[in-house]
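Worksheet for the structure shown next.
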Amino acid sequence: MAEASRILHTTLIPNFSTPTHKTPCCSPRSLSHPTTSHYYSRRATTFVRCSISTAGDAARTAEAANSTIPWGCDVDSLENASALQKWLSDSGLPPQKMAIERVEVGERGLVALKNIRKGEKLLFVPPSLFITADSDWSCTEAGEVLKRNGVPDWPLLATYLISEASLMKSSRWSNYISALPRQPYSLLYWTRSELDKYLEASQIRERAIERINNVTGTYNDLRLRIFSQYPDLFPEEVFNMEAFKWSFGILFSRLVRLPSMDGRVALVPWADMLNHSYHINWLRWIHFWIMTSHQRELSLQQIGHISQVSSCCHFVIAEKDAEKEALTAVQPFSLHNAIQVFISYGKKSNGELLLSYGFVPREGTNPRDSVQLSLLLKKSDKCYKEKFEALRKHGLSASQCYPVQITGWPLELMAYAYLAVSPPSMIGKFDEMAAAASNKTTSKKDIRYPEIDEQALQFILECCESSISKYSKFIQQSGSMDLDVTSPKQLNRKLFLKQLAVDICTSERRILFRSQYILRRKLRDIRSGELKALNLFDGFRKLFK
């Protein structure tokens with residue numbers, strides 16, 4: 001499931017007042033390695049099994065690669081699937097028409113056990129099974145400390161997951177936690193050197209670094225302001241950086257926002273076992289219900305279809321007029337005559353899917369794929385100062401990235417290009433251009449300056465070709481890239497990361513190639529028109545001579 005915002009804000013936790021006292025101990029039980037069952041992988045191609053490290057330097061990388069948290073399960077394990085289903089049923093989940101099975105698309109997923117009619121209610125999860133910031137803590141003292149210090153929902157839920165996981169069978173959620181991945185596929189687990197090496201050509205690298213820094217900073221704030229003040233409640237051997245990367249990896253990939261519950265974020269067990277497909281528009285629709293508070297019986301008129309209404313969720317309760325945005329579907333799947341049930345994670349690019357879920361769809365299969373194209377205002381520009389001030393006024397900088405899709409680019413990108421190439425004689429238009437280049441404005445204006453169309457398109461083309469050069473260089477060098485590892489497990493991991501990087505670079509370069517073709521054609525048409533005009537002018541001049 002998707003993130004609660006396009007990227008985690010730099011400051012997740014406000015400044016807390018430093019506690020001056022300690023509460024009685026509520027220490028977790030000693031950790032053991034449980035037998036666990038389920039995780040759904042998002043990737044539509046074969047994964048290389050690997051151990052993920054989080055350390056930033058070479059020494060810690062080797063150590064972290066061999067370490068795992070003592071809960072969760074392997075990505076393809078079905079060992080405890082029946083225990084999970086039984087626990088859910090005992091906890092109020094109605095009889096299900098689906099079960100967890102190994103599948104080709106996603107390693108494990110939910111498959112339908114019987115025929116499903118169009119419009120049939122397929123999934124129903126009572127709110128008592130939601131995990132929210134209001135959920136009861138097994139260690140009540142720990143929860144009270146965090147809430148008393150005003151910890152926001154995201155870090156609160158991350159800490160809650162770790163606390164409950166560390167209690168093993170003593171936690172109400174033990175069967176659910178044992179079904180979560182021991183090592184989520186997430187860029188949170190990439191080291192800085194790996195990001196620099198494998199994603200040097202992609203703008204997703206910057207977002208990954210920012211996200212990792214945010215999660216790391218959040219943990220450090222919690223450790224400094226709360227955990228160190230209450231070591232009996234939050235022992236370092238449990239509440240450490242490894243555990244927080246795990247818990248945030250779970251939240252980024254599974255947390256949903258439910259408008260029917262005042263926009264609260266929640267983990268929804270069982271519903272979050274659904275795999276992703278971008279092809280659901282070609283398949284038959286099914287309705288997907290999640291029970292909300294104060295509702296016992298739901299109808300189509302009451303809740304409508306599932307819809308993705310923000311970038312933070314797989315699915316949300318939507319209004320009836322969102323019917324065309326329904327996201328769930330079933331697709332025939334040849335496994336014991338079962339069909340796998342899919343859900344879309346929203347209109348996300350391959351880079352966003354890699355960032356939160358750790359997979360890249362096959363090239364050309366994601367109709368919503370995009371690449372971030374970087375545009376830079378040159379310091380040698382005679383009006384650099386004036387242009388920079390206009391950009392800054394509207395919340396922009398001298399270097400901006402805009403999403404480019406296979407079908408084209410946004411109006412904001414063209415407006416920025418106009419500003420970048422505009423001559424001093426157009427200084428009075430700088431503010432208008434900068435405003436149009438900002439995605440913070442509510443009214444989008446398709447501004448046009450025909451006199452500098454050619455220069456603006458040429459500017460975009462040069463930026464595009466510069467990015468293509470970086471992608472091509474990486475892809476060319478990736479075949480002979482020295483992986484520099486001796487451990488077979490580490491070798492598998494490096495191969496896995498390199499393949500992900502090649503996949504994302506190939507898909508993003510494909511979009512840039514298409515943009516390059518469109519830009520060259522537009523420029524050719526402009527220049528061809530100018531040539532015709534010049535020839536016509538010369539003809540008239542000779543006539544009058």
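Think of each number as a place in line: the chain as shown, counted from 1.
Backbone N, Cα and C atoms are what each Cβ position is placed from, and that goes for glycine too.
What you see is a predicted model, and the numbers here were worked out from it, not measured in a lab.
Feature annotations, courtesy of TrEMBL:
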type    : residues                       : note
BINDING : Arg254, Asp272, Tyr345, Tyr357 : substrate binding site
BINDING : Asn275, His276                 : S-adenosyl-L-methionine binding site
DOMAIN  : 96-358                         : domain 'SET'
Measure from the Cα of His276 (S-adenosyl-L-methionine binding site) to the Cα of every one of the binding-site residues Arg254, Tyr345, Tyr357, then give the nearest.
-> Tyr345
Using Cα positions only, nearest of the binding-site residues to Asn275 (S-adenosyl-L-methionine binding site) (Arg254, Tyr345, Tyr357) | Tyr345
Across every protein chain in view, the count of C-beta atoms other than its own within 10 A of the C-beta of Tyr357 (substrate binding site) is 25
Could you tally the C-beta atoms, other than its own, that fall within 10 angstroms of the C-beta of Asn275 (S-adenosyl-L-methionine binding site)?
-> 23
What whole-number distance in angstrom separates the two most remote CA atoms of the substrate-binding residues Arg254, Asp272, Tyr345, Tyr357?
-> 13
Including all protein chains displayed, how many Cβ atoms other than that of Tyr345 (substrate binding site) lie within 10 Å of its Cβ?
-> 24
